[in-house]
Amino acid sequence: MSTGHRLTPALIYAALTTSVVSSLGMLLVPSISRELHVGVGAAQWMLTINLMVGAVATPIMGRLSDGRGTRRLLLISLSVILVGSVVAALAPNFGIFLIGRALQGLSYGIVPMTIVLARRHLPKPVIDPAISSLSVTVATGLGIGYPLTGVIASLTDFRAAFWFAAAFVATAIAVVWLRVPTNLEARSTLKFDVVGATLLSVGLAALLTAISQGPSWGWASAATISTGVLAVIALVAWALYELRSSHPLINLHVIRQSSDVLLANATAIGLGATLYMSLSIASIIAQASRDTGYGIALPLFWAGFVMLPLSAGSLAANRFVRRLNPSLTATMLPVGSTVMAVSAVMLWLTNDTLWEILLAMALFGLGMGAAYAAMPTLITRNVAISEVGSAVSFNQVLRTVGGAAGSAIVGAILAAHPGPEGIDISLGVAAVGGTVVCVALIVNVLRSSIRRT
């Protein structure tokens with residue numbers, strides 16, 4: 001079997017780790033709230049802490065993957081995720097459980113690493129299709145992960161779902177160990193940007209902490225303001241340092257000079273927030289009892305299947321994008337964003353019955369599959385091979401930051417408005433955010449068309 005035929009399935013299987021870990025989040029929020037005796041708003045932290053660690057770790061993992069030992073780094077990362085899954089499964093209280101979820105946050109750096117390996121080592125004719133498939137692995141895998149999580153957790157408890165994740169990650173480690181050749185390593189050495197990594201980590205952590213804790217601390221409180229100021233100072237200092245560094249963590253010159261890369265990164269934030277807000281609320285609506293005024297009272301066993309249309313739509317869109325002429329790939333970003341905006345608005349206005357939620361999830365899948373398949377392809381075509389890891393990981397970071405912000409906003413809204421009003425406000429914010437992204441992309445397309453004429 002050729003290296004390409006052997007490597008691609010192994011990378012896809014490793015990338016599925018992200019979707020398996022993600023499926024342990026939104027669906028289990030009500031169960032975690034109930035079984036670990038915390039409020040729904042507090043339980044939302046199981047999503048926020050996971051995304052927060054992912055946002056900090058992903059650029060570091062992406063940059064390290066541009067150098068030697070990418071296979072070894074992938075194995076180490078998967079091992080940490082395995083430990084996190086076991087810690088969460090055994091956690092006696094919510095605090096220990098959050099430690100496990102934090103360790104699982106490294107899963108968000110897996111996809112960028114697999115894209116680096118694909119870009120570096122696959123035959124040229126299959127690079128774009130492979131990268132497109134890897135980029136939507138998370139969305140496609142959610143359609144499998146959510147139903148499995150729901151079935152396992154309903155038949156036993158949430159701990160069994162984390163044991164399942166641990167078992168899956170263990171098999172992923174075995175697959176990478178056996179199927180990713182040890183000789184597929186970069187020959188160049190890499191100087192790691194310690195200062196840049198530290199500044200970015202502090203900035204992202206402070207930013208997400210301010211967003212998530214603002215409602216409980218008070219937006220005008222000294223704690224919120226000081227944390228926000230720290231985030232701004234750290235991120236500005238990071239950007240200035242990166243622009244002057246000879247070996248930056250993320251090459252901002254490349255991002256700034258390429259309009260396609262800049263567009264993909266800006267879109268990633270908005271779509272990440274819209275997606276996580278909408279999916280979080282859809283999971284809550286699916287499981288909430290009817291006497292809450294908004295729930296449709298699905299048992300946990302069936303609640304996971306609500307995400308199945310998301311996977312089907314994402315897979316269908318990805319297959320469509322792969323068949324397009326490469327020159328048309330960029331058009332899928334505004335098209336996918338438009339479909340996601342429509343689905344967010346639809347979920348906001350009509351969420352009283354199961355079929356309405358299923359339809360919205362299918363549309364989300366179609367939009368996400370198109371938009372997320374376009375992003376890494378646009379990036380990898382516009383950066384040097386030596387910059388692929390950091391460039392793709394930065395895009396993943398922005399998706400993660402958007403998702404973490406969306407998750408934190410939902411938690412804050414539900415904590416302040418725990419009834420139907422909170423559900424409606426959350427969906428409204430998601431719909432407005434998705435619409436803003438959609439309009440901005442359409443305006444950009446129109447401006448580009450006018451310039452060409």
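Yeah, the Cβs are placed from backbone N, Cα and C, and that goes for glycine too.
Here is what TrEMBL says about this protein:
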- 3-452: domain 'Major facilitator superfamily (MFS) profile' (DOMAIN)
- 12-30: transmembrane segment (TRANSMEM)
- 42-61: transmembrane segment (TRANSMEM)
- 73-91: transmembrane segment (TRANSMEM)
- 130-148: transmembrane segment (TRANSMEM)
- 160-180: transmembrane segment (TRANSMEM)
- 192-211: transmembrane segment (TRANSMEM)
- 262-288: transmembrane segment (TRANSMEM)
- 294-316: transmembrane segment (TRANSMEM)
- 328-349: transmembrane segment (TRANSMEM)
- 355-375: transmembrane segment (TRANSMEM)
- 396-419: transmembrane segment (TRANSMEM)
- 425-446: transmembrane segment (TRANSMEM)
Segment-segment contact (the transmembrane segment (294-316); the transmembrane segment (73-91)) at 3 or more Cβ pairs under 8 Å: no
Interface check, the transmembrane segment (160-180) with the transmembrane segment (73-91), three or more C-beta pairs under 8 A: yes
Residue numbers, six or more beyond the limits of the transmembrane segment (130-148), whose CB comes under 8 Å of its CB atoms: 8, 11-12, 15-16, 18-20, 22-24, 27, 111, 114-115, 118-119, 122, 164, 304-312, 314-315, 317-318, 321-322, 365, 368-369, 372-373, 375-377, 380
Criterion met for the transmembrane segment (396-419) and the transmembrane segment (262-288) (at least three Cβ pairs under 8 Å): yes
Sequence-remote partners of the transmembrane segment (12-30) [C-beta within less than 8 Å, at least six residues beyond its ends]: 40, 43-44, 46-47, 50, 74, 78, 81, 85, 88, 104, 107-108, 110-111, 114, 133-134, 137-142, 144-146, 148-150, 153, 158, 161-162, 164-165, 168-169, 171-172, 175-176, 276, 279-280, 283-284, 287-288, 300, 303-304, 307
